[in-house]
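Participant: In case it helps, TrEMBL gives these features for our protein:
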type	residues	note
BINDING	B:Leu8, B:Asp84, B:Ile87, B:Ser112, B:Gly113, B:Ala205, B:Tyr229	S-adenosyl-L-methionine binding site
DOMAIN	B:9-138	domain 'Tetrapyrrole methylase'
There are 2 protein chains.
Amino acid sequence: MPLYLIGLNHEYITKKALEYIKSSDLIIIDSYTMPNSDKIVSDVLNIAKEKKVIIANRRMLEDESSDVLNIAKEKKVGIIIPGDPLIATTHASIVIDAKIKNIDVEIINGISGICMTKSLSGLQYYKYGKTLTIPGPWRNVKAYSLLFNLYANLCIKAHTLLLFDIDDNKKTLDASIGIKTILELNNELKLYSYLEKLLGILIHAGDKNMFIGNSLRNLLDDANIEEPYSLVIPSNLHSEEEKYLKYVLGIKSEALENHKKYIKEDFCKYMQYLSNYI
Amino acid sequence: MPLYLIGLNHEYITKKALEYIKSSDLIIIDSYTMPNSDKIVSDVLNIAKEKKVIIANRRMLEDESSDVLNIAKEKKVGIIIPGDPLIATTHASIVIDAKIKNIDVEIINGISGICMTKSLSGLQYYKYGKTLTIPGPWRNVKAYSLLFNLYANLCIKAHTLLLFDIDDNKKTLDASIGIKTILELNNELKLYSYLEKLLGILIHAGDKNMFIGNSLRNLLDDANIEEPYSLVIPSNLHSEEEKYLKYVLGIKSEALENHKKYIKEDFCKYMQYLSNYI
């Protein structure tokens, strides 16, 4: 019997996801990788009707995944994953384990919040570099590798999408605390002192999309945005991108002009220097 | 009246796309950014029923977009775009022009083939760097900036997704000619001589997904894959990624071992050198 990994986005339910949920014998919902998974749970319950639905915690789909695979030998098991099943989640390992045990796996792609955010930013997709996560204070780690990768993206003139960490109670890291984490470590390590002048764009991709764009420094005071949100730090802007930020996202000229002024730096040297820290 | 940019993926039609197509007065289909847009056209005709549907060429949505915007002042115009409306297409400018003319725009995201491909590769999404396009011989350009960006991604240890160029007759660049373009220019410029030993994975994301993975050199002889296809050149592999490539995508151990051996290089120096060419 096969295992289905079904991507589901509350705003954008696909016909294919509907069909696969309906044809599963048992449905398991990953409820721990997304803060607003309540909507996904209610979507699935509405579609699944009288079928058995289990709301899984992280342990069930990671440490105890062999139990799930044993069931998949006899029944069609559909695992519902918010967004896309293999983007920004840890579900590759269950696919590997299934294949090793000779269980068929089908991946039903979904609309990933990460891809939506990049698209809605109006920045050219092919100029995006590595996607990063800002760690919460509960991790007790210094964000050295985050800073290394941010400067690495800037070094190759790539835009950066930054996600905010989620704690065990599904609480998302506060946006201004996240930005502060970056700027404080940057100051402590005496890296590019004008980093705080670069543009940051907070984006909420949802029923009604929201955008707040300003210098990273000014965003500390105005980072009030609906969950889920993420942050984009652009690299060098093409004139078309600049127009989009100005006319479509409503970003002030002053913030744009400052960004263009302070983005003209050799960021590779900071990447080089940070490589000693990671 | 608003303008709707509606993303549509033939495999994954969303409920939201259906609703917006049904509520548009006039529907325009972008048929020129995707080779297999015939399926999209027939999907839309099925959904739109007796509504007016125009199949647009590039000129209509680029040079003559002000005509479209004039109609959008009086009618609800839905522009159908394969995949996601703002990923890997040139539709940002029509959004900018609409906003300047005070016309409301709604972006209906769709499942982008690019995001699907990254997801299906089993490589970690956050390790992907810039997405590149391999130019076809009909462009009459040397692929210097492609090579620069490939080495830039390798320098910061980022995976690369490479798209294949599409000509004016919607014919996709042959996969082996594309790979040859990279390897030949690499030799001509005397860059990393073992580039051809690195792994390349050709991926077709569709009704039935397909994968062909081997060294770039060996892919020249075995690059027969259904359209649309794209190529992934991984950077350093995490052990979990390696397992995925081996057990899920079926890539031979020899190709993986060679990749791990030849990926251990300082690629930043080649990026540095290539910066003289672009």
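Cβ atoms here come from the backbone N, Cα and C positions, even for glycine.
TrEMBL: automatically predicted annotations, no manual curation.
On a predicted model such as this, the values are computed, not experimentally measured, just so you know.
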Participant: Can you name the binding-site residues among B:Leu8, B:Asp84, B:Ile87, B:Ser112, B:Gly113, B:Tyr229 whose Cβ is less than 8 Å from some Cβ in chain A?
Facilitator: B:Asp84, B:Ile87, B:Ser112
Participant: When DSSP is mapped onto helix/strand/coil, what comes out for B:Ser112 (S-adenosyl-L-methionine binding site)?
Facilitator: coil
Participant: Go ahead and report the DSSP secondary structure tallies for the domain 'Tetrapyrrole methylase' (B:9-138): helix first, then strand, then coil.
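Facilitator: Its residues fall into 55 helix, 25 strand, 50 coil.
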Participant: Max CA to CA distance in Å over the S-adenosyl-L-methionine-binding set B:Leu8, B:Asp84, B:Ile87, B:Ser112, B:Gly113, B:Ala205, B:Tyr229?
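Facilitator: So the binding residues stretch over 18 Å, Cα to Cα.
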Participant: Taking 10 A as the limit, how many CB atoms besides its own sit near the CB of B:Ser112 (S-adenosyl-L-methionine binding site)?
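Facilitator: Neighbour count, Cβ to Cβ under the 10 Å cut-off: 28.
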Participant: Near B:Tyr229 (S-adenosyl-L-methionine binding site), which residues of its own chain have a C-beta under 8 A away, given they sit six or more steps off in sequence?
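Facilitator: Listed in sequence order: B:Phe164, B:Thr172, B:Ala175, B:Leu202, B:Ile203, B:His204, B:Met210.
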Participant: Does DSSP put B:Ala205 (S-adenosyl-L-methionine binding site) in a helix, in a strand, or in coil?
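Facilitator: For B:Ala205 (S-adenosyl-L-methionine binding site) - judged by DSSP and reduced to three states - the answer is coil.
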